[in-house]
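Notes to accompany the following structure.
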Amino acid sequence: MATWILNGLVWNETTGETELKHIRIAEGVIAQIEDAAAGRPDTNGHDTIDANGKLVSAGFIDMHVHLREPGFEYKEDIASGTRSAAAGGFTTIACMPNTRPVTDTAETVRYILDKAASAGIVNVLPYAAITKNELGRELTDFAALKEAGAVGFTDDGVGVQNAQMMKDAMKLAASMNMPVIAHCEDDSLVVGAAVTEGKFAAANGLKGIPNESEAIHVGRDILLAEATGVHYHVCHVSTEQSVRLIRHAKQFGINVTAEVCPHHLILSDEDIPGMDANWKMNPPLRTPRDVQAVIEGLQDGTLDIIVTDHAPHSAEEKAKGMLLAPFGITGFETAFPLLYTRFVRTGRWTLGFLLQRMTSDPARVFGLQSGVLNVGAPADLTIVDLENEREVKPETFASKGKNTPFGGWKLFGWPTATIVNGSLVWSEQ
Ligand code: DOR
Ligand code: ZN
Ligand code: ZN
């Protein structure tokens with residue numbers, strides 16, 4: 001049984017233009033790509049999906065998300081999180097281990113994989129913790145976690161404070177050809193602050209989170225990556241100093257890659273409207289100068305990929321206010337429209353540049369087969385309406401988390417259908 005996706009607008013990297021194509025998918029892979037100009041193919045007996053001139057892209061890949069299960073199902077669970085991912089056009093996501101229990105045993109890795117398989121919506125790649133309970137005291141059993149299906153090691157949510165612990169983790173991960181993914185934050189430089197050092201903190205008499213709390217770990221870990229040879233991947237880069245350090249490390253051929261989130265590319269601390277916890281995430285929104293630096297870092301290849309850091313929380317938790325609420329915002333269902341509207345429609349980036357950072361680049365960085373629209377690649381595809389403007393309505397999110405600073409924004413670039421492994425897993429109502 002095959003499915004034809006007809007009249008899809010496909011980005012051609014060689015010409016830098018879009019072209020209308022018919023795409024046949026069969027047995028979970030892309031089987032055929034034809035010029036639409038050659039006429040309608042013989043679809044007799046096959047399913048068809050008419051893309052009607054909408055964009056058809058390789059499905060988006062998000063290598064940094066929080067699905068909250070096990071343990072925090074009131075915030076999100078694997079079923080709601082993967083549905084939200086599909087609604088955002090994502091077909092593969094990698095979930096962070098700050099669950100309860102922490103994903104620090106083979107059993108919990110398998111639990112997540114089983115739940116994701118039974119939800120059957122998008123591909124879920126679990127990360128496992130570097131240290132037991134993410135407490136920074138004792139390494140987890142890397143071999144058993146890898147064997148169970150973990151795709152990398154990270155203590156996301158917190159930084160690994162002890163340099164020797166991080167070095168031991170990197171040495172072990174390198175010996176197993178596994179990446180170490182780091183939430184960079186030095187606790188001794190963060191003293192219970194909720195927002196960055198900058199104008200918003202000053203205007204409101206708040207303590208701020210300094211840029212060095214992130215960049216010190218980036219610098220330390222780059223040196224440790226050089227010493228151990230591990231693939232070191234930096235989470236959610238938010239500061240000018242981190243971009244500088246990563247750029248320098250890449251010039252020296254150190255095996256470092258990095259990610260950036262839509263909110264750090266689009267918002268600064270000066271956009272925060274007031275003491276509203278929907279603007280609270282970690283790392284925090286930084287200064288306009290940092291925003292400029294992460295944009296330039298992405299543009300010159302210092303930062304490799306875009307991730308959402310989808311971090312749903314309940315309305316009750318976020319209602320505690322800027323100082324007491326947990327860090328994090330939801331990301332899946334606004335990521336592509338935000339970036340497309342802000343950077344592509346304005347002519348600052350080509351459509352191809354944005355698509356690559358959300359598809360082929362994450363696949364390259366993490367060695368995945370997907371992320372390309374080629375014959376033989378997995379049939380993970382996203383169909384996107386580039387022409388109709390719509391308002392962000394958090395109450396309509398498939399995610400349980402409605403915590404976003406982007407409510408009410410008018411955006412273009414809304415996903416309308418998502419296909420994973422050849423099956424339609426989500427489509428616009
Ligand atoms: O904003 C964040 N939310 N940053 C983190 O590091 C953790 C995450 C969460 O788990 O909510
Ligand atoms: Zn983090
Ligand atoms: Zn995170």
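Yeah, the Cβs are placed from backbone N, Cα and C, and that goes for glycine too.
These numbers come from a predicted model, not from an experiment.
On the 0 to 100 pLDDT scale, the domain 'Dihydroorotase catalytic' (53-241) averages 98 in the predicted structure. The domain 'Dihydroorotase catalytic' feature in TrEMBL is assigned to 53-241.
Cβ neighbour count for Asp156 (Zn(2+) 1 binding site) (all protein chains, 10 Å cutoff from its Cβ): 23. Mapped onto three states, the DSSP output places Asp156 (Zn(2+) 1 binding site) in coil. Summarising the annotation, TrEMBL assigns Zn(2+) 1 binding site to His64, His66, Asp156, Asp309.
According to TrEMBL, the feature substrate binding site maps to His66, Leu67, Arg68, Asn98, Asn282, His313, Phe327, Gly328. With a 10 A radius on its CB, Asn282 (substrate binding site) counts 19 other CB atoms from all the protein chains.
In three-state terms derived from DSSP, His236 (Zn(2+) 2 binding site) belongs to neither a helical nor a strand segment and is classed as coil. Taken from TrEMBL, the feature Zn(2+) 2 binding site applies to Asp156, His183, His236.
In sequence order, His64, Val65, His66, Cys235, His236, Cys261, Met281, Gly328, Ile329, Gly331 are the residues near Asp309 (Zn(2+) 1 binding site), counting only same-chain partners six or more apart with C-beta under 8 A. Classification of Asp309 (Zn(2+) 1 binding site) by DSSP places it in coil, neither helical nor stranded. Summarising the annotation, TrEMBL assigns active site to Asp309.
Among the features that TrEMBL reports, domain 'Amidohydrolase 3' is placed at 347-425.
Residues from the binding-site residues list (His64, His183, His313, Phe327, Gly328) with a C-beta closer than 6 Å to any atom of ligand 2: His183.
The domain 'Amidohydrolase 3' (347-425): residue composition by secondary structure is 18 helix, 20 strand, 41 coil, according to DSSP. Reported as a whole number, the C-alpha separation between Asn282 (substrate binding site) and His183 (Zn(2+) 2 binding site) equals 9 Å. For the pair formed by Asn98 (substrate binding site) and Asp156 (Zn(2+) 1 binding site), distance between Cα atoms is given as 7 Å, rounded to the nearest Å.
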